[in-house]
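**Student:** Handing you a structure now.
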């Protein structure tokens with residue numbers, strides 16, 4: 001029988017959702033631990049509450065159905081988006097209702113941003129410092145004001161509307177999370193359709209996202225910012241929609257608008273170069289990247305991503321197949337190459353998450369560096385407190401995401417990896433020579449650690465002996481970072497060849513002139529010397545040790561010479577049972593636990609380096625005669641070459657603001673500094689003591705309760721080894737980060 005074209009088309013249409021998959025039951029949700037038969041019985045011991053928290057989001061432990069796990073993750077993503085939109089709404093509401101945004105717009109260099117006013121209840125109104133522009137409030141360092149300026153927002157009313165829009169989106173996302181789990185739940189094959197997912201994410205999310213952003217920048221942000229830069233008062237600038245509907249108004253600012261779309265369809269795209277520019281450098285009025293460069297950048301990205309979103313094969317039989325690409329990827333020394341990876345990435349969400357976390361973490365760290373080297377928003381470069389906050393924020397996020405990537409890679413190895421399906425592919429070959437990888441990485445860590453700290457110990461010793469001529473320094477035995485200086489020079493000179501029409505360098509960090517806004521330095525060439533060379537090798541050391549610990553946790557997740565059957569013990573286990581001494585702290589979870597301490601070390605050194613370097617060699621003022629005065633007077637090169645210098649000239653010297661903050665608007669930072677130190681010290685109680693100690697203590701406390709006929713119905717238990725470590729780690733990181741935050745903010749607010 002001949003099949004008509006209509007019939008053939010209908011065969012392509014597949015039903016990818018299941019209707020009314022799971023009943024909506026508030027009664028079920030109200031029962032703690034409803035997702036687990038054991039937990040649903042209720043608590044018998046205090047361990048129950050810990051297991052409840054540990055397993056609530058461990059969907060693997062709740063069901064063996066990959067489809068059900070996929071649906072739960074998908075629904076949870078909508079919940080996450082709902083929270084994000086609610087947060088964005090709250091930020092804009094604060095800007096609309098509690099902020100000095102309008103005043104800041106009139107004088108962004110001298111007026112500080114504030115979007116929170118503390119109520120006078122028991123004297124906390126002391127926190128409302130004078131931020132300028134007849135406004136008292138807490139100085140914020142989030143960068144929202146600069147971003148709003150870049151978007152073309154000129155009044156608090158517009159912030160109100162965005163806040164309302166954010167609330168609406170939050171509600172829609174919440175509804176979508178419920179709808180796509182309970183009413184129309186996608187089937188497993190929908191989640192596993194990698195080609196369709198790539199097309200939609202590339203063309204839809206990234207492509208159309210970039211296109212809509214560049215459209216907003218061209219039609220709304222550019223004209224408004226051009227008028228603001230020219231000194232027009234915000235209240236005199238037309239409303240955003242007028243630039244959209246009034247071409248005459250736009251063509252006064254950008255003459256090519258009068259020509260409409262004719263240049264586009266005739267191929268004379270150069271006509272649009274008045275608003276799609278390739279200038280390079282920074283806008284001298286605002287100290288930020290040229291918004292017309294940013295619009296051009298996003299338009300180009302939109303074109304690339306929309307093209308990329310048509311690359312993969314779906315219903316039409318043309319384009320790439322992800323499986324074919326992966327399986328064709330093999331060389332003479334790589335065995336089966338990438339064979340089997342497609343199956344891993346479509347059946348293990350832990351494998352997907354591991355890659356995505358590693359990528360997003362790396363991207364966050366890249367963003368941290370771009371924020372100061374190429375400041376994207378108007379007046380953000382001269383707001384030193386915000387620059388320091390954003391750098392620190394993105395570095396911490398990057399560190400946590402990369403560590404999380406290793407955690408989920410290890411969970412994948414334990415729960416989802418099937419050796420038989422990966423025989424002689426790249427993953428299998430890496431696992432087979434893991435001893436060589438870890439041994440070499442261990443050697444690198446020892447080399448870097450001994451040499452990097454050796455430089456400092458040498459310098460501290462020579463300084464103590466009064467022999468400055470024998471120290472490693474720019475004035476004695478030089479250790480110049482010649483490769484870094486060479487790369488800086490290449491980046492400074494290359495645009496002259498690769499982008500001959502650009503007006504300035506990509507980033508003034510590489511070289512060039514000093515960019516100042518209102519007498520404050522926005523950016524200038526960052527000179528590198530011996531002190532940078534030395535601390536760079538501390539960075540290399542701490543990062544390599546973090547990688548060593550995390551990679552060992554992944555490569556030995558399933559087995560090791562010590563514990564051959566490790567895969568059977570799971571992702572987290574305290575020891576390999578009684579009678580096997582020396583097997584504690586060998587689970588993949590324990591590797592993540594240890595790796596997080598080293599991640600904390602790594603990021604701390606990076607943010608300390610950044611903070612001191614920028615205050616010493618970049619941030620400061622420039623007088624009309626061109627003389628530059630840096631905040632700490634260029635003391636990094638001399639102070640950062642000894643351990644004592646780091647302690648005295650950075651930590652102790654710059655802690656004066658937080659230590660002496662009492663009775664001032666910065667006093668909250670003094671309290672946080674003390675409180676966070678306490679939280680950090682509290683963590684040591686969990687990290688340095690064993691479970692038996694606490695169980696014995698609990699037994700005696702329970703005995704006392706029994707004597708008074710006051711015994712609890714739920715039996716108290718000491719935390720397990722793993723639980724104790726988790727609590728200790730959480731407080732260690734929270735305390736450490738809180739201490740650093742208070743130290744940085746009290747200092748930064750005083751110098752900006």
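Glycine residues also receive a Cβ, built from the backbone N, Cα and C atoms like all the rest.
According to Swiss-Prot, the protein carries these features:
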- 73-96: transmembrane segment (TRANSMEM)
- 159-182: transmembrane segment (TRANSMEM)
- 198-222: transmembrane segment (TRANSMEM)
- 294-312: transmembrane segment (TRANSMEM)
- 349-372: transmembrane segment (TRANSMEM)
- 388-414: transmembrane segment (TRANSMEM)
- 436-458: transmembrane segment (TRANSMEM)
- 533-551: transmembrane segment (TRANSMEM)
- 575, 584: [4Fe-4S] cluster binding site (BINDING)
- 591-612: transmembrane segment (TRANSMEM)
- 666-688: transmembrane segment (TRANSMEM)
- 677: chlorophyll a' binding site (BINDING)
- 685, 693: chlorophyll a binding site (BINDING)
- 694: phylloquinone binding site (BINDING)
- 726-746: transmembrane segment (TRANSMEM)
**Student:** Specify the secondary structure state of residue 685 (chlorophyll a binding site) as given by DSSP, simplified to three classes.
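**Tutor:** For residue 685 (chlorophyll a binding site) - judged by DSSP and reduced to three states - the answer is helix.
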**Student:** Does the transmembrane segment (388-414) come close to the transmembrane segment (591-612), meaning at least 3 CB pairs under 8 Å for residues 6 or more apart?
**Tutor:** yes
**Student:** Below 8 Å between Cβ atoms, which of the listed ranges 388-414, 533-551, 666-688 makes the most pairs with the transmembrane segment (349-372)?
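**Tutor:** Comparing 388-414, 533-551, 666-688 against the transmembrane segment (349-372), the winner is 388-414.
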**Student:** Return the member of 584, 685, 693, 694 nearest to residue 677 (chlorophyll a' binding site) in space, with distance defined Cα to Cα and candidates limited to these binding-site residues.
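**Tutor:** Smallest Cα separation from residue 677 (chlorophyll a' binding site) among 584, 685, 693, 694: 685.
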**Student:** Would you mind reading off the Cα separation of residue 584 ([4Fe-4S] cluster binding site) from residue 694 (phylloquinone binding site), to the nearest angstrom?
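**Tutor:** Here the two Cα atoms are 19 Å apart.
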**Student:** Checking distant contacts: for the transmembrane segment (436-458), what same-chain residues at least six beyond its ends satisfy Cβ-Cβ under 8 A?
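**Tutor:** Counting only partners 6 or more residues beyond its ends, the transmembrane segment (436-458) has Cβ contacts under 8 Å with 430, 471-472, 479, 534, 537-538, 540-541, 544-545, 547-548, 551-552, 555, 641-643.
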**Student:** Fewest other Cβ atoms within 10 Å: which of the binding-site residues 693, 694 wins that one? Let me know.
**Tutor:** 693
**Student:** What same-chain residues lie close to the transmembrane segment (533-551): Cβ under 8 Å, and 6 or more beyond its ends?
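**Tutor:** Contacts with the transmembrane segment (533-551): 403, 406, 437-438, 441-442, 444-445, 448-449, 451-453, 455-456, 472, 479-481, 484, 591-592, 594-595, 598-599, 601-602, 605-606, 609, 640-641.
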**Student:** How many whole Å apart are the CA atoms of residue 685 (chlorophyll a binding site) and the residue listed as 'phylloquinone binding site'?
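**Tutor:** Cα-Cα, rounded: 11 Å.
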**Student:** Could you round the CA separation between residue 693 (chlorophyll a binding site) and residue 575 ([4Fe-4S] cluster binding site) to a whole angstrom and send it over?
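**Tutor:** Here the two Cα atoms are 18 Å apart.
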**Student:** Give me the CA-CA distance between residue 575 ([4Fe-4S] cluster binding site) and residue 694 (phylloquinone binding site), in Å, as a whole number.
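**Tutor:** If we compare the Cα positions of residue 575 ([4Fe-4S] cluster binding site) and residue 694 (phylloquinone binding site), the gap is 19 Å.
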**Student:** Among all chains shown, work out which of the binding-site residues 575, 584, 685 has the most CB atoms within 10 A of its CB.
**Tutor:** 575
**Student:** I'd like the Cβ neighbour count for residue 677 (chlorophyll a' binding site), meaning other Cβ atoms within 10 Å of its Cβ, all protein chains included.
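**Tutor:** Other Cβ atoms within 10 Å of residue 677 (chlorophyll a' binding site): 15.
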**Student:** According to DSSP, collapsed to three classes, what secondary structure does residue 584 ([4Fe-4S] cluster binding site) have?
**Tutor:** coil
